[in-house]
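Per TrEMBL, these features apply:
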REGION    25-45  region 'Disordered'
TRANSMEM  53-75  transmembrane segment
TRANSMEM  81-98  transmembrane segment
TRANSMEM  110-129  transmembrane segment
TRANSMEM  135-157  transmembrane segment
TRANSMEM  164-183  transmembrane segment
TRANSMEM  243-262  transmembrane segment
TRANSMEM  274-294  transmembrane segment
TRANSMEM  322-349  transmembrane segment
TRANSMEM  356-374  transmembrane segment
TRANSMEM  411-431  transmembrane segment
TRANSMEM  438-455  transmembrane segment
REGION    484-504  region 'Disordered'
Amino acid sequence: MRSTAADGVVEERWGRVPRFAWAGGVPTRGNGAGSRQTSSAADGATPGGPSSFPYAACALAVGWLACLGVLQWSVVRFRTAIVLTLTAGAVGLGLWLWRRAEIRSAPPWLVPMVLLASVAITWTVPLFSYLGGGALTAALTVLTVVGVAGAALLAAPTAARARAAYGIAVVGHVVTAAVATIGDPAPKIDVWVTLQQASDALARGENFYDLTWTDSPGIQDAFTYLPWTAVLLAPGRWLGGDVRWALAFWSVVLFAGIWALSRPRPGDAASTPCASAFRAAVPVTALVVAPGTLTQVDQAWTEPLLAAGIVWWAVLVRRGHAWWAVVPLALACASKQHLALLLPLLLLWRPFGARRAVATGALTGVLIAPWFLASPSDFVNDTVTLLLGFHPIRFANTWYLWFLNEHGVTLPFWVTGLVVLGALAAAAWAIHRRQPELGELLRWFAFVLLVANLVNKQAFYNQFWLSAALVAMSLAVPVLSGRATDDPEPATPQGDAARRATAS
């Protein structure tokens with residue numbers, strides 16, 4: 001069923017290619033062999049009307065490149081232009097969510113352009129890395145090969161080409177991580193030091209919230225993550241000597257989750273093997289060559305672990321295993337504090353439901369309880385008190401730092417809290433009223449986290465990257481068949497299964 005203005009939905013169409021998520025220009029069976037149709041009145045679109053939005057995919061591509069490009073530049077420097085660009089990205093994401101634009105297709109040149117531009121930005125924009133000489137050149141060369149190969153394969157995709165692009169991207173990321181880990185065996189960042197030594201403490205059965213770190217260039221006596229960051233990354237230290245091996249593993253888990261998320265399910269619009277592979281290949285390849293990726297890998301930033309938990313939550317919900325989905329989400333929530341912002345939204349999303357959201361919070365509490373009970377004061381100090389009282393870091397590109405750096409004004413906590421609560425309230429209202437499909441829900445997650453980052457005093461590339469990853473994985477979700485968007489529970493087999501699961 002074609003959504004109309006009454007649905008409050010804007011559908012993006014260059015051509016009638018409903019089997020492809022934003023894969024315009026791809027030949028489709030049923031439209032004539034090898035044909036490429038263009039948008040016209042026959043599509044049911046009214047030119048210039050509320051159901052016609054011909055530049056959504058291009059706007060997304062520009063926003064992706066601009067935001068990730070300035071984020072690569074942001075390490076380690078503060079610039080007003082960076083804050084303004086990220087804010088524009090948040091506004092654009094908010095407008096996308098408010099208008100509910102469906103990016104169903106795109107010009108055939110768009111995906112190759114994004115991949116090649118990402119490679120160009122990586123080479124030309126200042127890149128912070130402790131890698132040097134041959135190791136840096138090798139890592140950049142691998143990313144270039146992934147981007148160029150992906151652009152060539154996805155310019156005129158077939159199922160085999162899309163699978164090849166996906167595989168090259170995954171292997172390329174593993175190789176990049178290996179080059180970074182071997183080429184820079186001891187990055188000078190407190191994140192890596194604390195994760196390494198917390199893993200050692202865990203192996204000895206010690207409480208890593210009660211330790212003082214050796215040779216840390218930053219924080220000396222606190223483990224600021226929730227405990228399951230250490231638990232899930234420790235095998236990389238134990239087996240390979242470096243937690244970054246575990247981060248590479250969890251990145252592959254993330255990419256596998258995006259592949260699983262792209263698989264069609266009962267209730268989805270008609271699809272083809274090429275469409276499914278394309279939906280997975282594009283976001284994965286875009287993430288692998290995203291500007292700043294090498295910095296994130298080198299610095300041992302942990303957001304890929306969180307993204308892996310969220311994507312497998314989404315996969316299990318789509319497959320009708322919503323109770324099992326509690327587990328990966330709780331593991332992610334037990335790894336980093338700010339994911340707690342997502343739970344109020346899930347309380348209101350009926351396919352997951354209030355009981356499962358509460359169960360996620362309860363399981364998170366159970367997972368972190370051993371460390372809390374071992375030393376409540378140390379745990380609260382490291383994971384809450386220290387972070388609230390920690391000094392602003394001058395190169396966090398946020399509005400908090402803009403007021404401080406440019407005007408000497410320290411924003412009170414209630415101001416930043418009000419902004420975050422406003423974004424959370426807007427998302428909660430929209431989710432409660434609309435009951436969006438999974439892809440839109442993931443974008444609401446991205447929006448709330450992005451706004452929270454923009455008023456934080458300690459938000460850096462990695463926190464913003466998580467919002468970008470959520471947007472990317474949302475594009476892998478197939479469109480529901482016959483979706484009437486303002487109907488909170490679509491009358492599809494998938495919707496029926498979700499309602500039965502919620503009621504159980």
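Quick reminder: no glycine exception, Cβ is built from N, Cα and C everywhere.
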- [ ] Could you give the residue numbers and ranges of same-chain residues that sit at least 6 residues beyond the transmembrane segment (53-75) on either side and whose C-beta is under 8 angstroms from one of its C-beta atoms?
- [x] 10-14, 22, 24, 39, 81-82, 85-86, 88-89, 92-93, 96, 99, 101, 103, 105-107, 110, 113-114, 117-118, 121-122, 125-128, 286, 290-292, 295, 395, 397, 460-461, 464-465, 468, 471
Task: When counting Cβ pairs under 8 Å to the transmembrane segment (438-455), the leader among 110-129, 135-157, 243-262, 411-431 - done: 411-431
TODO: Report, as numbers and ranges, every residue of the chain located at least six residues beyond the transmembrane segment (135-157) whose Cβ falls under 8 Å of a Cβ in that stretch; write 'none' if there are none.
DONE: 23, 26, 108-109, 111-113, 115-116, 118-119, 122-123, 129, 164-165, 168-169, 172-173, 175-176, 179-180, 182-184, 274, 277-278, 281-282, 285, 288-289, 293-294
Task: Contact check, the transmembrane segment (356-374) vs the transmembrane segment (322-349), 3+ Cβ pairs under 8 Å, seq sep 6+ - done: yes
Task: Cβ contacts the transmembrane segment (164-183)/the transmembrane segment (274-294), at least three under 8 Å, sequence gap 6 or more - done: yes
- [ ] Determine whether the transmembrane segment (110-129) and the transmembrane segment (274-294) share at least three Cβ pairs under 8 Å, counting only pairs 6 or more apart in sequence.
- [x] yes
